[in-house]
Amino acid sequence: MSTTNILLLCGGGGDEHAISLLSANYFETSLATLPQFNVLRVELDVNGHYRTAAGESCELNSRRQIRFDADNRAPWEVDFAIPCIHGFPGETGDIQSYFELINLPYFGCKAEASRNCFNKITAKMWFSALNIPNTPYLFLNEMSDVSIEQATNALVNWGSIFVKAASQGSSVGCYRIDNQEDVASTLAQAFTYSDYVIVEKTISARELEVAVYEIDGEIVATVPGEVICSSNNFYTFDEKYAANSKAQTQVVADISKEVSDLIRQYAISAFKGMKLRHLSRIDFFLTDDGEVLLNEINTFPGLTPISMFPKMLQNHGHSFPDYLLSNINSTD
């Protein structure tokens, strides 16, 4: 039986570096059950340096090889890559652009789709273009008196706002503001994470998530799951990933079939319209008035022990190894 050499690239050096390593563990465990694959795990650090799990310095070159610094180690030919990196440079599309440049097949969304989803401003423009309802917002491109005034006016009109770094993970550089005196300092903090900032109306709503993925040539949208935050406020980075998180998750949300079908319809429309590939987690709000709003799309969702994507996939009747095998074999 012929084997395929798979590069499992993780880390990235960004704010979600540690979470990426946990997700890589999940991939590694699943790939270990598939004997047709040889897997080399390589960590990318904040300085752009590559290192194997054994601590060997190496690099991915344009010939689709992992070349080792040690002179006595032969290059490792790469047939396929899994960019298990949350945030930069994975979900931003940067690493995918390099893979495309060197003609290396890879798992996950392509570069342009990744960029469009990761930038919250671009994503919301796409949602509106696809006629998918989303939260009211405005965006700012500099820290200035004008930006402070615009955000303050939004707070007055909407009662409460979220200020979010536009080009960061969903819970990174994200702050709720209820008081006008907090606007300037919070904007300044958000701008340290991104050149652009988005201001959204705070929505009183339930947080629902759908796993949308491809398997055996079909696009699947699971029934929505639900995240219930202990603070009844916001699904923070710590609540999302910490082992002692008090947030509760339900793989199947307690909602009507009508609402579930509508959410799945929107999710499929977003997946197809934005040309996503292989995997995504698409997050929605269900307001107190029963309105469904698309919140955001994660093109490489977390795969930690408490993450929703693998749980929803399994609940839908698919094993993660079979899902990986299907997509690896079907990717050119």
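Counting starts with 1 at the first residue shown.
Keep in mind that glycine also has a Cβ here, set from the backbone N, Cα and C atoms.
Taken from Swiss-Prot, the feature ATP binding site applies to 154-209. In the three-state DSSP scheme, I203 (ATP binding site) is classed as coil. Less than 8 angstroms from the CB of I203 (ATP binding site) sit T135, F285, T287, L293, each of them six or more residues away in the same chain.
In the three-state DSSP classification, D283 (Mg(2+) 1 binding site) falls within a strand. Annotation source Swiss-Prot lists Mg(2+) 1 binding site at D283, E296, citing sequence analysis.
N298 (Mg(2+) 2 binding site) falls within a strand when secondary structure is assigned with DSSP. Summarising the annotation, Swiss-Prot assigns Mg(2+) 2 binding site to E296, N298 and lists sequence analysis as the type of evidence.
Feature annotation from Swiss-Prot assigns domain 'ATP-grasp' to 124-329.
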- Cα separation, E296 (Mg(2+) 1 binding site) to D182 (ATP binding site) (Å, whole number): 25
- Message: Rank aside, I only need the closest one: which of the binding-site residues D283, E296, N298 has its C-alpha nearest to that of A154 (ATP binding site)?
- Response: E296
- Task: Only counting partners 6 or more residues apart, tell me which same-chain residues put their Cβ under 8 Å from the Cβ of Q189 (ATP binding site).
- Result: G173, Y175
- Neighbours of N298 (Mg(2+) 2 binding site) among the binding-site residues I161, Q168, Y196, D283 (Cα to Cα, within 10 Å): D283
- Determine the Cβ neighbour count for E296 (Mg(2+) 1 binding site): the number of other Cβ atoms within 10 Å of its Cβ. 19
